[in-house]
Amino acid sequence: MQSELLDRSYHFLNFLPNVADFLVQKHKESGLKVDEKGLYNLVTEADLKAESMILDEIQKNYPKDGILSEERGKIEGKSGYTWVVDPLDGTTNYTHGLPLYGISVGVVETETMTPLIGMVFFPELNTYYHAIKGQGAFREKTPIQVSKTSSLKDSLFVTGFPYDRNLSLDTLMQYYKSILQKSRGIRRTGAATLDLCWLAEGKFEGYYELGLKPWDMAAAGLIVLEAKGKITSMDGNDFSILIPSLLATNGLVHDYLLAEFEGQINRVAY
């Protein structure tokens, strides 16, 4: 298995810069065509082209692997490996000319959906993060680890808000207010993969969000875990890329945040 993971990781760490270059070039063009998947969920022609580039490369080189992607859905495979792809995380940022967006490609064990490989590229930040299960997490070639901050008052957090504005915003804002009053602050980047990668290298102590999808978590979640972080659902259940809420921390402030959500999370419809 290890050689198979190394092969897939090496191949795509060398291939994904092509997708990054495409997104940067497309970002510079005017008149970017934008459609709506939902009231607040945007998809651009860049999403679709980037996804096609990635999926074509997977199917050409690993034709027996399965695929789960944001735009194209699920393609069954026979190898025991499934690629989980978000070609453009942070689409709203992208359409507004902001550089905070990423390309997320992960590989999971098909039967258990356990993350095995994580690769996230941030084209306009000129960097990338990657991990293989059991081998640590890296920013480019440099090993990374979560922060060692253990007090809530010294911690900086990051969060996101779900696309579906019909979720219980009052409850979400209660979380925001309570955590903000007890910590150094809360940030919002608009890209879940960036939040998780910055947590993995110690910029943030914790991240929480409702309404995430498997492609938001598969690659960046593994990077956090391999950087010695901790991930559960917001109500304390074990991490899975199928959980609908996510709490990721450096491990030292995890219980503090779980206590903030206790008794409340089940009241939020998601």
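Positions of Cβ are set from backbone N, Cα and C atoms, glycine also.
Annotation comment: TrEMBL describes Glu70, Asp86, Leu88, Asp89, Asp216 as Mg(2+) binding site.
On the structure: features taken from TrEMBL.
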{"residue": "Glu70", "record": "Mg(2+) binding site", "DSSP class": "coil"}
{"residue": "Asp86", "record": "Mg(2+) binding site", "DSSP class": "strand"}
{"residue": "Asp216", "record": "Mg(2+) binding site", "DSSP class": "helix"}
Looking at the binding-site residues Glu70, Asp86, Asp89, Asp216, the one with the fewest other Cβ atoms inside 10 Å is Glu70
Same-chain shell around Mg(2+) excluding Glu70, Asp86, Leu88, Asp89, Asp216, C-beta within 8 angstroms of the CB centroid, reads Val85, Pro87, Gly90, Thr91, Gly102, Ser104, Ala192, Thr193, Lys213, Trp215
Leu88 (Mg(2+) binding site) has its Cβ surrounded, within 10 angstroms, by a count of other Cβ atoms equal to 28
